[in-house]
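A.B. asks: Copied straight from Swiss-Prot:
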- Tyr65, Tyr70, Gly93, Tyr100, Lys158, Arg275: (3R)-3-[(carboxymethyl)amino]fatty acid binding site (BINDING)
- His97, Asp99, His260: Fe(2+) binding site (BINDING)
- His264: 2-oxoglutarate binding site (BINDING)
Amino acid sequence: MTLNVKGEGLGAQITGVDPKNLDDITTDEIRDIVYANKLVILKDVNPSPEEFLKLGKIVGQIVPYYEPMYHHEDHPEIFVSSTEEGQGVPKTGAFWHIDYMFMPEPFAFSMVLPLAVPGHDRGTYFIDLAKVWQSLPAAQQAPARGTLSTHDPRRHIKIRPSDVYRPIGEVWDEISRATPPIKWPTVIRHPKTGEEILYICATGTTKIEDKDGNLVDPAVLAELLAATGQLDPEYNSPFIHTQHYEVGDIILWDNRVLMHRAKHGTASGTLTTYRLTMLDGLETPGYPA
């Protein structure tokens, strides 16, 4: 099957996908489209949970989220986010992040299906970290090459219902065992495209060290974070891409190169999404650059 792609780059659209006839979509074809464009919108698909799962398995190896409280009641591979009480976990993703950056195997792809969207201006912000890196002068790139960055997700881990009334120290120790700080190369090379990617995150990256474990001047990290646009409170950075979507669309992106955060709109109402996260069998997150 040849998928119909409209546009190119972030937000390119794939049209005409029939959720009841996915057998003709090949893994190589859909992956190549994502690797090339980084963020694609499959328009008006409206799949059932089972069809959404089938498409996810075509894209890659589905990895369920490590915390069961996010799981769909019938399909634990599906991560459910919802502002409707009892339908999922609310207020997810309201900060810049890369999915599973804090785990030993960060995902290759993330795929989201909106089921309810409160208004036309609700969406997601994305930053292409390869484009950011390419924009930096050599003098700013040099201190980051060959270094390792430490990423600590713990202050963004949500308290579970089962944690209520437990001692905070006990909860903190459990979080630290499940998601301890982890180190990745500050600059990675994409295993498929070869692009170099500035692999840092304002809400999780705490320090940069050289190959011998010596702390790099914190100003280097601060300047790199500022260059990405993550610190821009108005979201006016030229590196920030705003993506809107509609119920029934599927948003699929390359999780190695794109970081994202939720864009809250002006309308009240319920937001409910399903998410799948996949590996592609290649080096994750990437090779040291």
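Numbers here mean position along the shown chain, with the first residue as 1.
Yeah, the Cβs are placed from backbone N, Cα and C, and that goes for glycine too.
From a predicted model like this one, the values you see are computed outputs, not experimental measurements.
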A.B. asks: What residue among the binding-site residues His97, Lys158 has the most other CB atoms lying within 10 A of its CB?
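C.D. replies: Result for the most crowded candidate: His97.
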A.B. asks: Tell me which of the binding-site residues His264, Arg275 sits in the most Cβ-dense spot, judged by other Cβ atoms within 10 Å.
C.D. replies: Arg275
A.B. asks: Compare the C-alpha of the residue listed as '2-oxoglutarate binding site' with the C-alpha of each of the binding-site residues His97, Asp99, Tyr100, Lys158, and give the closest one.
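C.D. replies: Checking each of His97, Asp99, Tyr100, Lys158 against the residue listed as '2-oxoglutarate binding site', the shortest Cα distance is to His97.
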